[in-house]
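**Q** Quick paste from TrEMBL:
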DOMAIN    B:26-472  domain 'Amidase'
ACT_SITE  B:Lys81  active site, charge relay system
ACT_SITE  B:Ser156  active site, charge relay system
ACT_SITE  B:Ser180  active site, acyl-ester intermediate
Amino acid sequence: MSKLNTYEDAVAAYEPVLGLETHIELDTRTKMFCGCSTTFGGEPNTQVCPVCLALPGALPVANRAAIEATIKIGLALNCSIAEWTRFARKNYFYPDMPKNFQTTQYEEPLCEEGYVDVTVDGKPYRVEIERVHLEEDTGKTLHVGGATGRIHGATESLVDYNRAGIPLVEIVTKPVPGTGALAPEVARAYVTELRDIVRSLGVSDVRMEQGSMRCDVNLSLNKPGAEWGTRTETKNVNSLRSVERAVRHEVRRQSALLDEGIKIIQETRHFQEGTGETSPGRSKEEATDYRYFPEPDLAVMEPSREWVEELRASLPEPPRQRRERLQAEWSLADKEMQSVVNADAVELIESTIAAGAASSSAVKWWLGELSRRANEAGEELGALQITPAQVAELQGMVDDGRLNDKLARQVIDGVLVGEGSPAEVAQKRGLEVVSDTGALEAAVDEAIAANPAVADKIRGGAHAAAGVLIGAVMKATKGQADAGSVRQIILDKLAG
Amino acid sequence: MSDRIIDQTAAELSAGIREGRYTSVEVTTAFLDRIDAIDGTVKAFLHVDREGALATAAEVDADIAAGKETFALAGVPIAIKDVVVTKGMPTTAASKILEGWIPPYDATIVERIKTARMPILGKTNMDEFAMGSSTEYSAYGKTLNPWDTGRIPGGSGGGSAAAVAAKMAPLAIGTDTGGSIRQPGAVTGTFGAKPTYGSNSRYGLIAFSSSLDTPGPVARNALDAALLHEAISGHDPRDSTAIDAPVPPVVAAARAGATGDLSGVKLGVVKEFKEGSDAAEPGVIAAYEAAVEQLVKLGAEIVEVSCPSFAYALPTYYLIAPSEASSNLARYDGVRYGLRAGDDGKHSLEEVMSLTREAGFGPEVKRRIILGTYALSAGYVDAFYGKAQKVRTLIKQDFEQAFESVDAIISPTTPFVAFKFGERTGDPYQMYLADLYTIPSNLYGGPGVSVPVGLSEGMPVGLQVMGPVMGDDITYRVAAAFESTQDTLLADTAPEIEGK
Amino acid sequence: MSTISREEVAHLARLARLEVTDDELDAFAGQLDVILESMKTLAEVDTDGVQPTSQAVPLVNVFREDQPQPSLPRDAALAGGPDTFEDRFRVPRILDEEA
Ligand SMILES: [Mg+2]
Ligand SMILES: [Zn+2]
């Protein structure tokens with residue numbers, strides 16, 4: 001176990017320089033170089049053909065839709081699109097890579113020189129994009145015999161090539177200096193923004209938990225004013241939270257080493273989800289030599305300017321611009337909007353409003369009760385088993401006086417476990433507000449009779465004391481009464 | 001002309017089958033029997049599919065009997081070099097690493113052969129992964145030259161050439177990366193054509209060097225080759241390097257050439273070929289020059305052209321081809337198909353991969369993989385692979401310029417006649433010289449054919465005719481014109497092979 | 001002075017995942033040396049400003065449409081595998097982490 005500095009000490013003494021490399025699987029119908037389906041979760045080795053299994057003699061043909069999607073991503077990231085570009089082979093042996101080379105791009109990426117703007121703690125940061133290129137994904141390896149399913153300790157591995165050859169877009173930032181102590185937050189904000197941009201384009205479902213978006217985090221430290229330090233590359237950081245944690249951990253770990261005068265070695269590290277730490281990859285005896293060369297089996301690409309402009313014209317409103325517009329439409333303060341964004345609730349709220357809820361109600365449900373439920377369950381908000389339409393329906397029932405807040409929360413319980421729509425749950429569980437005035441008046445009479453002293457106080461003008469009687473009535477009606485109506489009945493009965 | 005079926009050309013067989021003079025089953029049986037009789041001696045085949053071939057033949061016969069329309073070569077049997085993938089039929093590229101592999105798919109050219117309804121006799125021997133010029137590097141033993149069984153049949157496609165030369169098949173498929181169709185053609189007295197790169201699909205061709213590999217026909221004469229050429233050519237959407245353009249009219253060109261008129265045709269001889277021909281044997285040069293005289297008599301004009309970069313073609317080729325090969329052959333790792341060695345529970349995957357490749361690849365393949373790995377490795381890639389790519393551009397430019405002033409370029413196909421077994425295996429560089437004249441057309445991408453023109457020391461000599469990119473027709477025309485000056489095909493003068 | 005040493009051949013063999021015997025190392029080093037010497041002649045060619053050729057007949061923008069095609073039947077996909085288990089290709093334990 002390596003020694004760690006506290007984060008505060010680390011960033012007081014050193015300046016971090018960030019770099020992020022993100023891989024995004026495109027959701028084209030077919031793979032990058034063959035016609036196999038890309039559907040997630042198929043039976044092992046059922047979505048393979050001579051091309052993506054690298055059978056002798058098979059040849060690749062590039063998927064036009066993947067090229068278009070990559071150009072769109074490049075444009076959305078403010079990149080320039082190459083006028084001449086091609087694929088290259090990256091040669092290395094690994095069993096999940098059927099050809100033992102990856103078809104990727106080397107010196108001539110499809111898109112270059114862009115940027116993504118993010119705001120952290122009210123401060124703007126521009127993360128510059130070095131390149132966006134297109135390549136192919138690898139198969140999936142299952143490690144058997146080890147305790148944890150990890151490669152270490154495994155006695156054998158099993159390979160499924162369904163994922164091999166799915167188009168993968170690699171997005172590489174330039175080094176990002178100047179973030180200081182906010183490096184972890186800037187890293188997270190960038191990855192979040194990138195995800196939102198790509199999602200808005202509809203070219204990938206960008207689900208980190210499913211692996212359709214994967215992040216490698218580069219980090220180096222230097223003393224203020226000194227040259228940049230040696231960076232480490234932490235692989236496969238697979239949630240937004242992990243991005244932040246990985247940066248934080250590397251800052252703490254590297255600073256402790258530097259304090260002791262130990263040089264950082266340029267190495268690949270692995271993020272451990274359980275501990276939040278990074279661990280070194282197996283050090284290679286020899287430096288990897290990928291022997292890149294232009295892919296002779298594929299034609300070069302010259303995306304025409306007309307094509308690029310057509311794609312540019314098809315881009316949706318950028319998420320950042322859209323957020324600013326929605327914030328104004330929903331009349332939210334900066335901080336509230338930030339909470340909405342942090343909770344990943346923009347689209348949920350937007351859809352809830354579209355389904356008929358007032359913006360204030362939509363924000364209230366998603367940021368309040370539903371966020372709490374998601375936290376408790378350790379899930380993303382969007383993963384909750386309730387749809388924006390159901391939230392709007394729920395709010396409608398509240399507005400109609402059929403549910404009070406407490407009942408509404410109980411209805412949510414039912415919806416989340418799949419009992420049906422809010423109306424169905426309310427009906428099945430008998431959760432409608434008691435609107436039978438006769439029944440309510442009887443309950444109030446009973447409460448007054450049981451609490452003569454309190455009743456007298458109220459008669460004497462101490463209206464606040466009504467709370468005790470309301471509580472008693474609510475208890476008697478099992479909470480299915482509307483508190484406002486009960487209060488009114490009590491005050492009417494005890495008036496004068 | 002003999003009445004034996006196996007002595008007929010493919011064109012004659014095709015006509016005979018359609019006109020009812022014989023059935024495809026009779027024809028196919030004749031060749032299968034010939035294989036049974038003499039292939040124990042020649043060893044041209046790695047796999048023979050008697051049943052499959054006869055089944056196709058019977059279907060063709062039924063269709064013809066029913067009056068259905070058939071393709072030009074329907075019912076004419078064919079042999080296929082074992083580097084071409086055939087569904088359900090073993091395909092090894094003559095390597096141990098693919099021993100026992102049964103492909104689940106057909107190469108595009110095999111699909112086209114099946115569409116044309118040509119019975120597939122079997123798969124022919126070759127240098128492992130098409131790396132060689134003598135077929136001595138086959139993991140399954142050498143093929144003998146039917147003209148002299150102490151000599152090599154050329155390579156890498158020695159099996160296809162020997163099968164046609166020994167009349168075990170009227171037609172065969174070869175592949176040509178640096179001369180592997182033309183050089184075996186030359187040394188066995190058969191006709192071989194390397195089409196324009198990209199005009200024949202490479203899909204299903206086990207890759208040696210992607211930017212150079214080209215499949216093409218092996219036959220007894222130009223017309224037969226042209227018929228097969230048209231049957232297999234044309235755009236294939238599964239090959240990104242396939243040219244989407246009409247196939248040059250090679251059959252018409254072969255027929256035009258057969259009239260023996262070359263008036264108005266300008267034939268280039270490359271100054272530097274001559275200057276750099278210390279490697280060429282005098283007998284080869286003499287046979288070649290006699291052929292040139294014949295072409296002049298037919299009206300051709302001989303023009304000297306200069307391709308100053310020719311001297312660099314051989315080293316350029318021997319950097320590009322092994323570099324691409326080192327990457328193309330990385331997939332043979334014992335994981336998805338083929339051989340696996342050393343998997344005894346003690347070795348890691350990395351070790352098993354290395355042991356598999358050690359056990360599965362022969363020395364020439366290893367040599368070229370290492371050479372290619374070197375040429376692509378960091379620190380050397382600019383000086384070797386990168387440099388070779390630039391010199392390739394210069395070679396292309398030289399030939400493009402030459403074709404501005406001539407219609408075709410002629411040369412001997414190979415500097416020497418078939419050499420004796422073992423003569424050049426100890427010195428790879430001496431072996432590489434066999435492809436001296438054939439390599440340029442692979443580098444610039446244009447077509448080249450080899451037509452038998454005579455003998456030296458009793459062994460066949462070939463004339464190479466090269467054309468500009470997509471100018472395949474002129475190469476056939478010139479070759480057919482030369483054939484028209486001969487009383488018999490050279491292939492018909494080969495000594496009779498004794499069966500074992 | 002030879003172009004390529006025995007050690008270099010050994011390094012290249014490792015890169016190419018080829019287990020080579022000592023005898024092969026010696027033989028290859030000698031043979032590659034001869035070949036590489038001849039290739040060094042390329043150094044004399046002036047290629048300043050010359051574009052590299054990586055394809056014999058260069059084509060541009062060759063794409064396929066995003067239309068699914070049938071995959072191989074699983075049995076056919078797995079049939080060639082030297083060792084398969086539960087519809088996957090089995091391999092011995094892996095030492096290297098993913099590159
Ligand atoms: Mg990558
Ligand atoms: Zn596929």
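Glycine is treated like the rest: Cβ placed from N, Cα and C.
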**Q** Might you list, by sequence position, any residue in that chain lying six or more from B:Ser180 (active site, acyl-ester intermediate) with a Cβ less than 8 Å away from its Cβ?
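**A** Same-chain residues close to B:Ser180 (active site, acyl-ester intermediate) (Cβ under 8 Å, separated by 6 or more) are B:Met126, B:Asp127, B:Ala130, B:Ser133, B:Gly155, B:Ser156, B:Gly157, B:Gly174.
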**Q** Do you know the mean pLDDT across the domain 'Amidase' (B:26-472)?
**A** 96
**Q** Reduce the DSSP letter at B:Lys81 (active site, charge relay system) to three states and note it down.
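**A** SS state of B:Lys81 (active site, charge relay system) = strand.
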**Q** Does B:Lys81 (active site, charge relay system) have same-chain partners at least 6 apart in sequence with Cβ under 8 Å from its own Cβ, and which are they?
**A** B:Lys123, B:Thr124, B:Met126, B:Gly157, B:Gly159, B:Ser160, B:Ala172, B:Ile173, B:Gly174, B:Thr175
**Q** Report, as a single number, how many Cβ atoms besides its own are within 10 Å of the Cβ of B:Ser156 (active site, charge relay system).
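**A** Taking all protein chains shown, B:Ser156 (active site, charge relay system) has 35 Cβ neighbours within 10 Å.
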